[in-house]
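Visitor: Pulled the feature table from Swiss-Prot, pasting it below:
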ACT_SITE  ARG340  active site, proton acceptor
BINDING   ALA69, ALA72, THR91, LYS92, SER98, THR100, GLY105, ALA221, ASP275, GLU440, SER456, LEU457  FAD binding site
BINDING   HIS296, ARG340, HIS407, ARG451, ALA454  oxaloacetate binding site
MOD_RES   HIS99  tele-8alpha-FAD histidine
MOD_RES   LYS167  N6-acetyllysine
MOD_RES   LYS179  N6-succinyllysine
MOD_RES   LYS182  N6-acetyllysine
MOD_RES   TYR215  phosphotyrosine
MOD_RES   LYS250  N6-succinyllysine
MOD_RES   LYS335  N6-acetyllysine
MOD_RES   LYS335  N6-succinyllysine
MOD_RES   LYS480  N6-acetyllysine
MOD_RES   LYS485  N6-acetyllysine
MOD_RES   LYS485  N6-succinyllysine
MOD_RES   LYS498  N6-acetyllysine
MOD_RES   LYS498  N6-succinyllysine
MOD_RES   LYS517  N6-acetyllysine
MOD_RES   LYS538  N6-succinyllysine
MOD_RES   LYS547  N6-succinyllysine
MOD_RES   LYS550  N6-acetyllysine
MOD_RES   LYS598  N6-acetyllysine
MOD_RES   LYS615  N6-succinyllysine
MOD_RES   LYS624  N6-acetyllysine
MOD_RES   LYS636  N6-acetyllysine
MOD_RES   LYS647  N6-acetyllysine
TRANSIT   1-42  transit peptide
Amino acid sequence: MSGVRRLSRLLSTRRLALAKAWPAVLQTGTRGFHFTVDGNKRASAKVSDSISAQYPVVDHEFDAVVVGAGGAGLRAAFGLSEAGFNTACVTKLFPTRSHTVAAQGGINAALGNMEEDNWRWHFYDTVKGSDWLGDQDAIHYMTEQAPAAVVELENYGMPFSRTEDGKIYQRAFGGQSLKFGKGGQAHRCCCVADRTGHSLLHTLYGRSLRYDTSYFVEYFALDLLMENRECRGVIALCIEDGSIHRIRAKNTVVATGGYGRTYFSCTSAHTSTGDGTAMITRAGLPCQDLEFVQFHPTGIYGAGCLITEGCRGEGGILINSQGERFMERYAPVAKDLASRDVVSRSMTLEIREGRGCGPEKDHVYLQLHHLPPEQLATRLPGISETAMIFAGVDVTKEPIPVLPTVHYNMGGIPTNYKGQVLRHVNGQDQIVPGLYACGEAACASVHGANRLGANSLWDLVVFGRACALSIEESCRPGDKVPPIKPNAGEESVMNLDKLRFADGSIRTSELRLSMQKSMQNHAAVFRVGSVLQEGCGKISKLYGDLKHLKTFDRGMVWNTDLVETLELQNLMLCALQTIYGAEARKESRGAHAREDYKARIDEYDYSKPIQGQQKKPFEEHWRKHTLSYVDVSTGKVTLEYRPVIDKTLNEADCATVPPAIRSY
């Protein structure tokens, strides 16, 4: 013990000597740490039993609350705090565990570092990639803002990969072209090797520490607090201690990510459960285009782990059992860098026609071993590691077995390009006061029927920032927060109590697996009416089985059984809208490929001159957005439709891209 005391005294003496040697500015103590995670301990918080004596509620008041702390949520939250708004951020995960961390490939922006480029060419590629279901005003906004967004990230300290002369390195990615599709392959994708999402999320998280945002970490958002058709905050469950919190705010931003876990095989984290999408549904508001689910061409066979499109951007090729580079037959110009929906369908056809690989002939190969080992080591280090761990493959010597895997949800909460959530009434869009959405949870719609690779990370940053700017334009810090009823959130607490004591016959895990396998079997890469109809029936039945659930943990402290059951409820609402929307859409467009309706059905036949053609009525064509609603008590799905926005923000500066036959 005496030795320990002597060592302690010695270290203290050295620290004192070092402190005296520091400049005076550094002797004022540690840097202020603004990442406030004890949101429930704020002096302004008030406890009441206005809902139930069994579930006391802690009430909070903020100028704005952001739900979700991935790339979009963080950018919205610190953007609001930077503008002076008293901001809360509610997240069921610590921010750096959000699924943004898993993105690999990069961020598209027309910087022109590898060759001449123009954001208008990027605009054209994105409209074409969307199969003309994207709203061109939002696409205009996003592509024009992209270069500035990348520069902003660089200024925040994001360590982009570099060219030899020090510029941000840009790789080729699918569906990207020069000169409006006539100038060959574009190199537009800015990256940090193959760990771009990881770098982006940590960069934004680091930036967020500069601002006084109150983070409610490991709080599960249950529902929106709606009064008089406007949003006034959220109600959330503190997972750590089981307390209920009502966070009242003048503005609410939903940034909860996608719902990939409705499917059995997907690249999404197990926490991608469509929580925000489901909250919108329970609030009686519509979701948009949920039938458009992207299957990434290269998930590791058997594991579903993502292998970035950046592999093909660096020169990787897809081959079948005959060693043929088969994409040359399906996309003669773009080949392996065609858009994701085209590549996934081509792979599926190769397997169907008997040219699959392996003993079961049920996958294809991604070949990288023809590339220089130093290129693999510097540009694709994470992929080399992932392939070894999950496929047992040394990418310098053998190909990776891959299969299309659910990766992204193009649909979500309908918004305009400012991030304001929309409802559609009597043929007109109406803004829902106080409610915003961004990231994969939202549908602006910049991706339409198919998202181009490397267009999502930039979507997070641009529209997270747009939400903050929009709130800053319409409100001031300290504006009066509208009141809520004393029992606001009562239904959410009743539902939580019901699930906590659920004593049926079906485990949450069993019902979730049945839903995931049904979605995988009935709404996959290729779809057909009879199978979709069967799937609608199965998912509806499974939704009804929610009332037969059995939970086992009756406590309130770290009750993960309860949280997973709440997530299952959310997934079911997303699954219902996805499969009913797919069954109703009698055409093939982007990621929605119907074998019984193989043509894209527009208002005109764009394979021919439109002069002399009669425009189809709105109800007779499918170039329109699906709006879906669910009666939560019965599971009945109702569908409506709203027109696609073709006008840009400034036709003189960026002309509308008219629909055309889409080929690569």
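Glycine residues also receive a Cβ, built from the backbone N, Cα and C atoms like all the rest.
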Visitor: Work out the three-state DSSP category of LYS547 (N6-succinyllysine).
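Guide: Where LYS547 (N6-succinyllysine) sits, the three-state DSSP reduction gives helix.
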Visitor: Would you list, in sequence order, the residues of this chain other than HIS296, ARG340, HIS407, ARG451, ALA454 that have their CB within 8 A of the centroid of the site's CB atoms, where the site is the one recorded for oxaloacetate?
Guide: GLY174, GLN294, GLU309, TYR408, LEU452, GLY453, SER456
Visitor: Hey, of ALA69, THR91, LYS182, ARG451, ALA454, LYS615, which of those recorded positions are within 10 Å of the residue listed as 'phosphotyrosine', Cα to Cα?
Guide: ALA69, THR91
Visitor: May I ask you to report the DSSP-based helix, strand or coil state of HIS407 (oxaloacetate binding site)?
Guide: strand
Visitor: Neighbour count, 10 Å Cβ-Cβ cut-off, for ALA69 (FAD binding site): what number do you get?
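Guide: Taking every protein chain into account, the count is 31.
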Visitor: Would you mind checking how many other C-beta atoms are within 10 angstroms of the C-beta on LYS615 (N6-succinyllysine)?
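Guide: So the number of other Cβ atoms within 10 Å of LYS615 (N6-succinyllysine) is 11.
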Visitor: What's the CA to CA span in angstrom from LYS647 (N6-acetyllysine) over to SER98 (FAD binding site)?
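Guide: With the alpha carbons as reference points, the distance is 35 Å.
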Visitor: In sequence order, what residues of the same chain, 6+ apart, have a Cβ less than 8 Å from the Cβ of LYS167 (N6-acetyllysine)?
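Guide: Expected: LEU111, ASN113.
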Visitor: Would you say which of the modified residues HIS99, LYS480, LYS624 has the most Cβ atoms within 10 Å of its own Cβ?
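Guide: Max Cβ neighbours within 10 Å, all protein chains included: HIS99.
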Visitor: Helix, strand or coil for ARG340 (active site, proton acceptor)? Use DSSP.
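Guide: DSSP call for ARG340 (active site, proton acceptor): helix.
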Visitor: Spatially, and counting Cα to Cα, which of the recorded positions is closest to THR91 (FAD binding site)? Options: ARG340, LYS485, LYS598, LYS615.
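Guide: Answer for the nearest of the recorded positions: LYS485.
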Visitor: According to DSSP, does LYS498 (N6-acetyllysine) sit in a helix, a strand, or coil?
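Guide: In three-state terms, LYS498 (N6-acetyllysine) counts as helix.
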Visitor: Reduced to three states, what secondary structure does DSSP give LYS615 (N6-succinyllysine)?
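Guide: LYS615 (N6-succinyllysine) sits in coil per DSSP, no helix or strand.
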Visitor: Looking only at ARG451, LYS517, the recorded positions on record, which one has the least crowded Cβ, with the fewest other Cβ atoms within 10 Å?
Guide: LYS517
Visitor: Tell me, how many other CB atoms lie within 10 A of the CB of HIS296 (oxaloacetate binding site), whichever protein chain they belong to?
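Guide: Other Cβ atoms found within 10 Å: 23.
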Visitor: For the modified residues listed here, LYS179, LYS335, LYS485, LYS598, LYS636, which shows the highest count of neighbouring CB atoms within 10 A?
Guide: LYS335
